[in-house]
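Participant: To start, I am sharing the structure in question, which I have written as structure tokens.
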Amino acid sequence: MLLLGTGDSGKTTLLKQMRLLFGVPFSGVEVELTRQIIFDNVVHGLRLLLRVMEDMALSVAPVNAECVDILAGVQDLKDYEPFPAWCYEPLKRLWEDPSVREARRRGGEVAVPDYLGYWFSDLERLFDPTYNPTYEDVLHAYTCTTGKAEMGFKLRKRHDVLLVDLGGQRSERKKWVHCFDGMSSVMFVVNLSSYDQPLVEATYANQMEDALLLWEAIYPSKWFRNTTIFLLFNKVDLFEEKIKYSHIKDYFSDYDGKVGDADAGKQYFLKKFMDAVHKDGEKGPVVRSFFVTATDTKMLRLVLGTVEGLVFHYE
């Protein structure tokens, strides 16, 4: 099974969920690496937010200027080194700065990372000297996939499954074709909340439009004519919150649904992707669609159970 999608669609989170749900544990080394990734998410994510504030003509309050200098000097964690206690207060002050709050509110303009809110909502816990990542933390820890990541496991003690996660950034996609042969099914993951966000690697392009263009290239490919494609619209939780203040019509002029209506928005984007399926009238892969939040274990267990049944034709 192949995992495809654009950068920041949540493919890697989905892979981690499947790994945990199907009983493939993380080693001690992987947990420690995740802890260091989390610290990187906190520090570099906030640095990114401060950089994009310049484009918004925003600056931190003078009283917090020293915190910016402190943040600039923070080094990566060494193995098994606790989060440095002296960083906690400057990070907390910056997160609560009025201009930083405004930049977070306008985050869709500049692709502010989704994970920042999760980490800063519980910052004190992360700085506990005995901190180790929880199940939820592992799912939220973000690292950009480059190249290919594979995971093998056995379903119901009779089906060997190989999951292949391919990097979604534009620079990674030219490598994909080498992994297409022999795949029985594909999960194509779309970040539903990205409709108002630019690409990180190409800020002139819209993330949702990029996902649609990629879908239009993937769907008719000869490699997938005899496969089942599972179209997963991810980050429903973020979408349902964002749509209250960021209007789809501001980014997609043909949207005629009610402002702030999450269900109408979901159906609108589903139709855009399915219209591409039926564009040329030729028979292609079977497409099954789902709306998911990859960090919601209960929801994903139900969806993956359905996917499993469709792939292996369980009754």
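Even glycines carry a Cβ here, placed using N, Cα and C.
From a predicted model like this one, the values you see are computed outputs, not experimental measurements.
Pulled from TrEMBL, these are the listed features:
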- THR12, THR145: Mg(2+) binding site (BINDING)
- 139-145, 165-169, 234-237, ALA294: GTP binding site (BINDING)
Participant: In whole Å, how far does the CA atom of THR12 (Mg(2+) binding site) lie from that of TYR142 (GTP binding site)?
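Facilitator: Rounded to the nearest whole number, the Cα-Cα distance is 8 Å.
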Participant: If we count other C-beta atoms within 10 Å, could you say which of the binding-site residues THR12, LEU139, TYR142, ASN234 has the fewest?
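Facilitator: Counting other Cβ atoms within 10 Å of each of the binding-site residues THR12, LEU139, TYR142, ASN234, the minimum falls on TYR142.
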Participant: Return the residues near ASP237 (GTP binding site), defined as same-chain residues 6+ apart in sequence whose C-beta is under 8 angstroms from its C-beta, sorted by sequence, else 'none'.
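Facilitator: Those within reach of ASP237 (GTP binding site), by Cβ under 8 Å and sequence separation of 6 or more, are THR293, THR295, ASP296.
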